[in-house]
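> Pasting a structure below so you can have a look.
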Amino acid sequence: MKILLANPRGFCAGVDRAISIVERALELYQPPIYVRHEVVHNRFVVEGLKQRGAIFVEELHEVPDNNIVIFSAHGVSQAVRQEAKQRDLTVFDATCPLVTKVHMEVARASRRNMEVVLIGHAGHPEVEGTMGQYSSETGGMYLVETPADVEKLKAIVKDPSDLHYVSQTTLSVDETADVIEELRRVFPDIQGPRKDDICYATQNRQDAVRELAGDVDVMVVVGSKNSSNSTRLKELAEKLGTPGYLTDCPEDIKPEWFEGKTKVGVTAGASAPEELVNQILERIKELVGARSVDEVLGREENMFFEVPKELQIKQVD
């Protein structure tokens, strides 16, 4: 049995930054440090931070007065920011800068009273945060997930000549392209971002799966089930005809995944740490009797996002 390891894989710059913000806050200010929503969608990472004193909550009212709260990498609405300000909470913002870019596009359109279409998955925290940047009372903001949803907008959009679209950053590149194509067919005057909103890490990891899927009999994606970008990697492998499995726990891997197979592909979503990838690899090697892992060459990534200045320098009492 041969095991092929995709590149690039695992942590992106936004996830790295978000985790560093929580770690630095714990180091500088001591526990408890409150985090609104899972800072990144990975059970392994979240459990590790909990053990160090981070407390994860879903709403700000769960954060006691006079405490520190960190906003997750997925971003938050303007209403959440306003609530934190009114309560005078100390806030560190771990929103991914690439998500912030989308927020700025929506806010700009809102100020101009343009209507906005967001391509994304309902209920995802990034979508909730992005929708929450829109405040125009005369315009409107609408969520679509599939090309079929676009047709329904014809009865809702007020001014098709002044319409803008943005997208969730962790979607399937192919699926987003299909929705954009349908938007442009139904609304020929629609405007979009100068550069695709799908983030570089999402694109790169999906490209790596495309390269690898044809060379393996099964694909194991390291990531949690609530991770959008990890789920898209599994779905992409399956779309390309390769059975895919999503896991964030070595014990969940089943021997039958590999029955009758000769080549296993392994990759990891942008919120999955290399430590977990290695644990998964060891489990697969144990199950299939492989001695080594062949790492596939891929696109080099050198993106880096700084943590807030307040967390960069050790503070002296």
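Each Cβ is built from the backbone N, Cα and C atoms, and glycine gets one as well.
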> Could you look at His103, His124 and say which one Swiss-Prot places alongside His41, His74, Ser227, Ser228, Asn229, Ser271 in the isopentenyl diphosphate site?
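Among the candidates, Swiss-Prot records only His124 at this isopentenyl diphosphate site.
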> Of His41, Ser227, Asn229, Ser271, which binding-site residues are close to Cys12 ([4Fe-4S] cluster binding site), meaning a Cα within 10 Å of its Cα?
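Within 10 Å of Cys12 ([4Fe-4S] cluster binding site): Ser271.
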> Could you tell me which of these binding-site residues, Thr169, Ser227, has the greatest number of Cβ atoms within 10 Å of its own Cβ?
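That would be Thr169, with the highest Cβ count within 10 Å.
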> Other than its own, how many Cβ atoms are within 10 Å of the Cβ belonging to His41 (isopentenyl diphosphate binding site)?
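Taking every protein chain into account, the count is 30.
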> Calculate the distance in Å between the alpha carbons (Cα) of Ser228 (isopentenyl diphosphate binding site) and Glu126 (active site, proton donor), and round it to a whole number.
10
> Calculate the distance in Å between the alpha carbons (Cα) of Cys199 ([4Fe-4S] cluster binding site) and His74 (isopentenyl diphosphate binding site), and round it to a whole number.
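Checking the Cα atoms of Cys199 ([4Fe-4S] cluster binding site) and His74 (isopentenyl diphosphate binding site) gives a distance of 13 Å.
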> Within 10 Å of the Cβ of Glu126 (active site, proton donor), how many other Cβ atoms are there?
26
